Amino acid sequence: MDSEPSWTATPSPGGTLFVPNTTTPWLGRDEELAKVEIGILATVLVLATGGNLAVLLILGLQGHKRSRMHLFVLHLALTDLGVALFQVLPQLLWDITYRFQGSDLLCRAVKYLQVLSMFASTYMLLAMTLDRYLAVCHPLRSLQQPSQSTYPLIAAPWLLAAILSLPQVFIFSLREVIQGSGVLDCWADFYFSWGPRAYITWTTMAIFVLPVVVLTACYGLICHEIYKNLKVKTQAGREERRGWPKSSSSAAAAATRGLPSRVSSISTISRAKIRTVKMTFVIVLAYIACWAPFFSVQMWSVWDENAPNEDSTNVAFTISMLLGNLSSCCNPWIYMGFNSHLLPRSLSHRACCRGSKPRVHRQLSNSSLASRRTTLLTHTCGPSTLRLSLNLSLHAKPKPAGSLKDLEQVDGEATMETSIS
């Protein structure tokens with residue numbers, strides 16, 4: 001007697017995972033809805049590719065001046081570009097041809113790369129958030145080992161994505177949609193009927209639910225730390241307005257009284273650091289908004305026997321499967337929105353140091369150290385003028401050059417403020 005046939009599932013309209021195939025696969029599809037899918041995927045492909053290439057170009061022109069935050073954004077752009085090229089593009093071609101056109105090896109490779117890009121993009125965002133958590137809540141640890149703590153956080157998402165995507169290679173294969181029909185497609189194959197439900201639930205937990213829980217916890221702690229920081233600075237300001245005869249160092253010491261040891265030496269959070277926290281927070285919100293419909297529909301498709309399937313004409317169901325890819329479109333534009341000053345600076349980088357004489361400005365600004373403000377001399381070159389910005393301190397001892405370098409690495413953009421006048 002032959003063994004029980006394996007349970008099969010077909011790719012979803014999103015193409016990354018699958019939904020159960022409960023209809024006769026030879027009936028074709030809704031061509032009008034397919035045109036809408038193709039239009040959406042083509043738009044996502046253009047926006048995601050163009051936006052992430054622009055970010056890579058901007059950061060590439062920064063050269064060795066990239067901060068640790070820029071390194072995370074660089075790799076996030078690479079993962080999002082991977083989503084565009086290895087997930088959206090194959091699915092676009094697949095929707096155009098309807099059936100998968102390629103060998104069994106190509107089928108497995110496409111499915112592997114599609115999920116790898118999802119894992120890498122999600123975990124890179126998670127690593128970037130963890131870096132902001134360490135920079136805000138544990139600044140001393142970041143100061144002691146600035147580079148050692150950065151590269152493992154960047155390498156871990158790529159390694160985890162490569163490992164966790166391996167099941168796709170064994171689940172998907174090129175096979176006949178109906179035995180003896182001669183029509184081939186890249187389908188998932190499970191021996192047990194509960195296989196799709198278990199696999200979809202696992203991927204939803206690994207790519208969406210657990211990362212969102214960690215992201216929420218990190219930002220809860222970050223917001224709590226910023227709130228304590230603002231409370232301390234407000235109290236210090238009130239004491240100064242009362243006319244207490246205190247020097248800057250003693251005022252800072254009073255301000256840090258009662259704070260935990262990890263922030264007692266660095267009692268204020270710089271504006272640049274807060275800006276990077278805001279940027280990462282907006283990227284996280286965009287990620288949740290884009291991927292929540294996708295994974296909700298995936299879970300619905302395997303846990304509800306009456307859910308629509310891949311050949312359904314339910315427009316809302318089909319479009320929801322495509323929304324997750326919008327996250328890779330939003331990320332580069334969010335980054336450029338928070339760092340709009342980098343675009344003209346990068347484009348004018350090669351025309352630097354020409355024209356008139358530099359003009360020097362003395363500028364007093366709040367540093368990331370309340371009691372250890374450091375003098376920074378930075379410059380940026382524009383088409384016509386060169387501006388030098390000085391952050392001066394009148395009540396602090398000079399810091400060693402090595403310490404200053406560490407501070408700049410931890411703070412993302414540190415306390416440098418450059419502009420083109």
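Here the Cβ of each residue, glycine as well, is placed from N, Cα and C on the backbone.
Going by Swiss-Prot, these are the annotated features:
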type     : residues  : note
TOPO_DOM : 1-35      : topological domain 'Extracellular'
CARBOHYD : N21       : N-linked glycosylation site
TRANSMEM : 36-59     : transmembrane segment
TOPO_DOM : 60-71     : topological domain 'Cytoplasmic'
TRANSMEM : 72-93     : transmembrane segment
TOPO_DOM : 94-108    : topological domain 'Extracellular'
DISULFID : C107-C186 : disulfide bond
TRANSMEM : 109-130   : transmembrane segment
TOPO_DOM : 131-151   : topological domain 'Cytoplasmic'
TRANSMEM : 152-173   : transmembrane segment
TOPO_DOM : 174-202   : topological domain 'Extracellular'
TRANSMEM : 203-223   : transmembrane segment
TOPO_DOM : 224-280   : topological domain 'Cytoplasmic'
TRANSMEM : 281-300   : transmembrane segment
TOPO_DOM : 301-318   : topological domain 'Extracellular'
TRANSMEM : 319-338   : transmembrane segment
TOPO_DOM : 339-421   : topological domain 'Cytoplasmic'
REGION   : 399-421   : region 'Disordered'
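Under the DSSP three-state reduction, C107 (disulfide bond) is assigned to helix. Within the set of disulfide-bonded residues (C107, C186), the lowest number of other Cβ atoms found within 10 Å of a Cβ is recorded at C107. Between the transmembrane segment (319-338) and the stretches 36-59, 72-93, 109-130, 152-173, the greatest number of Cβ pairs separated by less than 8 Å involves 36-59.
In this structure, C186 (disulfide bond) is part of a beta strand by DSSP. Taken as a whole, the topological domain 'Cytoplasmic' (131-151) shows an average pLDDT of 72 in this prediction.
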